[in-house]
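Chemist: Pulled from Swiss-Prot, these are the listed features:
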type	residues	note
ACT_SITE	SER112	active site, schiff-base intermediate with substrate
MOD_RES	SER112	pyruvic acid (Ser)
ACT_SITE	HIS117	active site, proton acceptor
ACT_SITE	CYS140	active site, proton donor
Amino acid sequence: MHKLKLHGFNNLTKSLSFCIYDICYAKTADDRAGYIAYIDEQYNANRLTEILSETCSIIGANILNIARQDYEPQGASVTILVSEEPVDPNDVDTSEHPGPLSKTVVAHLDKSHICVHTYPESHPEGGLCTFRADIEVSTCGVISPLKALNYLIHQLESDIVTMDYRVRGFTRDVNGVKHYIDHEINSIQNFMSDDMKALYHMMDVNVYQENIFHTKMLLKDFDLKHYLFNAKPDALSAAERKEITDLLWKEMQEIYYGRNIPHL
């Protein structure tokens, strides 16, 4: 696509949403509680802030503000407000006066922000544990959230990933013609490295005329030792290994396809 000469600022909003899952098997209630505590500490608000700050660096965004919170009993959230251009400290108003209305803040966040929310959980009896991280990178202007794809998937040890990319709004060129997208894309997969694509089974559902792109990813290689918490495969019988493997694989298939699979 040839470069466009725009009339004013690029008003297109580009949003990339991730749903990333890490799956684990923890046999006892104590093990499940231990996994939840471990993953909650591993991906606390401070760690997530580091990941998102690096994401800002990768996509070329400037950080305006960071809000973070760890929750009880578990989970964390981080939201970073970003801009396309560097901010001059001399232009920042630090005087005492009422801030903007919440309506104004939300409108700004909807333009350029990066946020993450985490959701550790476990099955009450079956030994299955999942960690889900929801991430949204939403930018306006020439900044592209697609640059952060490989980094975010790698950082969050992803077994399963669902991604949505959409472009909204329009921008005008100097002749007044509206443009509803400013780059070529037919799949989110085109913005992934070959090494990353080799690791996953992938499936696309795209609505090209609406500038909506959806990709699902499921890790290809399954090694039981990577999915056990406080246990090793050698300590289990062959029957136990098969039972746990079947349980984990069924869980991963259900999450990947977004529907429950009946027991046969």
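Placement of Cβ uses the backbone N, Cα and C atoms for every residue, glycine included.
How buried are the listed features, and what sits near them?
Modeler: Following the DSSP three-state reduction, the secondary structure of SER112 (active site, schiff-base intermediate with substrate) is coil. Cβ neighbour count for SER112 (active site, schiff-base intermediate with substrate): 23 (other Cβ atoms within 10 Å of its Cβ, all protein chains included).
Classification of HIS117 (active site, proton acceptor) by DSSP places it within a strand.
All protein chains shown were included, and the count of other CB atoms within 10 Å of the CB of CYS140 (active site, proton donor) stands at 21.
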Chemist: Would you mind reading off the Cα separation of SER112 (active site, schiff-base intermediate with substrate) from CYS140 (active site, proton donor), to the nearest angstrom?
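Modeler: SER112 (active site, schiff-base intermediate with substrate) and CYS140 (active site, proton donor) have their Cα atoms 6 Å apart.
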Chemist: Count the Cβ atoms, other than its own, that fall within 10 Å of the Cβ of HIS117 (active site, proton acceptor), considering every protein chain shown.
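Modeler: For HIS117 (active site, proton acceptor), the 10 Å Cβ neighbour count is 17.
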Chemist: Measuring Cα to Cα, how far is CYS140 (active site, proton donor) from HIS117 (active site, proton acceptor) in Å?
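Modeler: Distance (Cα to Cα, whole Å): 22 Å.
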